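> Before I ask anything, let me first share the structure, which is written out below as structure tokens.
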Amino acid sequence: MAAGVAAWLPFARAAAIGWMPVANCPMPLAPADKNKRQDELIVLNVSGRRFQTWRTTLERYPDTLLGSTEKEFFFNEDTKEYFFDRDPEVFRCVLNFYRTGKLHYPRYECISAYDDELAFYGILPEIIGDCCYEEYKDRKRENAERLMDDNDSENNQESMPSLSFRQTMWRAFENPHTSTLALVFYYVTGFFIAVSVITNVVETVPCGTVPGSKELPCGERYSVAFFCLDTACVMIFTVEYLLRLFAAPSRYRFIRSVMSIIDVVAIMPYYIGLVMTNNEDVSGAFVTLRVFRVFRIFKFSRHSQGLRILGYTLKSCASELGFLLFSLTMAIIIFATVMFYAEKGSSASKFTSIPASFWYTIVTMTTLGYGDMVPKTIAGKIFGSICSLSGVLVIALPVPVIVSNFSRIYHQNQRADKRRAQKKARLARIRVAKTGSSNAYLHSKRNGLLNEALELTGTPEEEQMGKTTSLIESQHHHLLHCLEKTTGLSYLVDDPLLSVRTSTIKNHEFIDEQMFEQNCMESSMQNYPSTRSPSLSSHSGLTTTCCSRRSKKTTHLPNSNLPATRLRSMQELSTLHIQGSEQPSLTTSRSSLNLKADDGLRPNCKTSQITTAIISIPTPPALTPEGESRPPPASPGPNTNIPSITSNVVKVSAL
């Protein structure tokens, strides 16, 4: 048995690893290559970003641009690809829609730009996935509300020259700040609204007793004065209503509006009182009708942005308010019924009927608790507690929604006002720029350039130059003046804070640069003045005249206190060799290009020079590696020489 196992075991192992086939029949053929052909792979170039996909992927939606034959208009024969000059970031979402069948909205994209891209590719926004559709609709609604006022203002401003008299009047009523007359009428109507409301309140106040009569209110005691005030207010309100009705774009819509109804209700009691007789039967109805005069206070909504925002909030929260009213109605009916049957057995109970129990339920659910109706039984007290707790929950749930809507609308109005103010300021600046001449613009430009230069330098010489010459000419001359000094001479500046070495070259080559840096460090200075030393461009000895260009000439500045040996050593450390440079004329310089005719200089622009400036900035001894080994500096005195310190070398090349 063991011998038989040993005989076939190697063959089984060999077959397992593929050395010997186990089956005698041949293996079936491999499946045919079902991959897509190479010509079905298309390239979509969107603003330089290349996307590759299969043609059948795009043909899934033939009603769109990429799925129809219209995309052939965008085919480039040279590159063999479809080119679209569109946003590549949004196209990524579009291409994923063709691949997966689900359209998503990226939150970082502008909603208007996203809609434009979808409209270009022929994709409906309604097919956005459920995961992104709510976010898309919210962003779209917020954007529409934010831009509504801006579009209205733009349309009004664009059509201002062609406005008729009625349109101008309506625009003045809706936006009083368009003209002075509209603003005056706006404040006059606001004043009379306040007077009317105060009159309606004060006329009910008792004004004392008259001998032989009972106490009378002020409205009856001073009836003539109050009648005149009421007449004046009603006349103003009537004129305003008639003018608004005349100027309204749609009179039918204006009459149906809420503010129009408030205006009619506010002035109607006065005219009804004029035509009514002194009949006692109708006097009660007239008194009831006078109550509607209090609606004049709602006319303040035209003069208060906060009241308008509150009205918009209540209008936008109509569904939440309807839910609140429905919930309260259900709870009131349920708890009023329960309280009636719970207190029915008590003899001193005030819950005589279910409608009578409504009052207790409303007061309890709104957490007022007047105490005029109180349950006496144990069951009534328990149900009263449950009624109070349920009222808190029912009322508190819709309140955050209302508050959030109010905050949203308020901030939108704030941003709209800010945008209108910014746009008004921009239009004013553009108007000034258009009305101003080109010379005025150039003059302001020159002033701006000179102010920037004076802020950087702040030297008296430049200020004097700006006063005597043209601003741009002065700056250009100053630039060429500095360039001439740099290209014409090789300076060794003994400034304690700044050392500059320049040389003029045409054909140059660099030599031992490390040796130059080492020697330049050894030749730095250590005396630090209390004030900032002037630069080459602002030195008194250099700004008044233009120096001639000489090759490899060294000038020692007045504030130098280096010994002659050190000056000689720094002269020998030039990193640039001049090969075959011509000596320019001593009377010609680049700065003479902008000099006046009386300077007597002729321009010479035949040669071009390359300038290399080596700027050495000294560093304190404590910051240098060998600062610790050097002796401390002696106290300064009249005959004391301060040793030099190590410096950092910065090379600057300029044309």
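Placement of Cβ uses the backbone N, Cα and C atoms for every residue, glycine included.
For 1-182, 247-253, 307-318, 401-655, the entry in Swiss-Prot reads topological domain 'Cytoplasmic', with the evidence type similarity to another entry. Residues or ranges marked as phosphoserine by Swiss-Prot on the basis of a large-scale study or a structure entry: Ser153, Ser569, Ser585. Feature annotation from Swiss-Prot assigns transmembrane segment to 183-204, 224-246, 254-277, 284-306, 319-343, 378-400. Here Swiss-Prot flags 205-223, 278-283, 344-352 as topological domain 'Extracellular', drawing on similarity to another entry. For 353-366, 367-374, the entry in Swiss-Prot reads intramembrane segment, with the evidence type similarity to another entry.
How buried are these features, and what lies next to them?
With a cut-off of 8 Å between Cβ atoms, the residues of this chain six or more beyond the transmembrane segment (183-204) that come close are 172, 176-177, 217-219, 226, 229-230, 232-233, 236-237, 240, 266, 293-294, 296-297, 299-300, 303.
Panel annotation: around the topological domain 'Cytoplasmic' (247-253), residues 166-167, 169-170, 173 of the same chain, lying at least six beyond its termini, place a Cβ under 8 Å from a Cβ of the stretch.
Secondary structure by DSSP for the topological domain 'Cytoplasmic' (307-318): 11 helix, 0 strand, 1 coil.
Within its own chain, the transmembrane segment (319-343) is flanked in space by residues 349, 351, 353-358, 360-362, 364-365, 375-377, 379-380, 383-384, 386-387, 390-391, 394-395, 397-398, 401-402, which lie at least six positions past its ends and keep a Cβ under 8 Å from the stretch.
For the topological domain 'Extracellular' (344-352), the residues of the chain that approach it from at least six positions outside its boundaries are 360, 372-377, 380, judged by C-beta separation under 8 angstroms.
Sequence-remote contacts of a segment are chain residues at least 6 beyond its ends whose Cβ falls under 8 Å from one of its Cβ atoms, and for the intramembrane segment (353-366) they are 328, 331-332, 335-337, 339-340, 373, 384, 387-388, 390-391, 394-395.
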> Check the topological domain 'Cytoplasmic' (247-253) for me and report the mean pLDDT.
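Across the topological domain 'Cytoplasmic' (247-253), the average pLDDT comes out at 89.
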> Go through the chain and flag residues at least 6 beyond the ends of the topological domain 'Cytoplasmic' (307-318) whose CB is under 8 A from any CB in it; none is fine as an answer.
300-301, 398, 401-402, 405-406, 409-410, 413
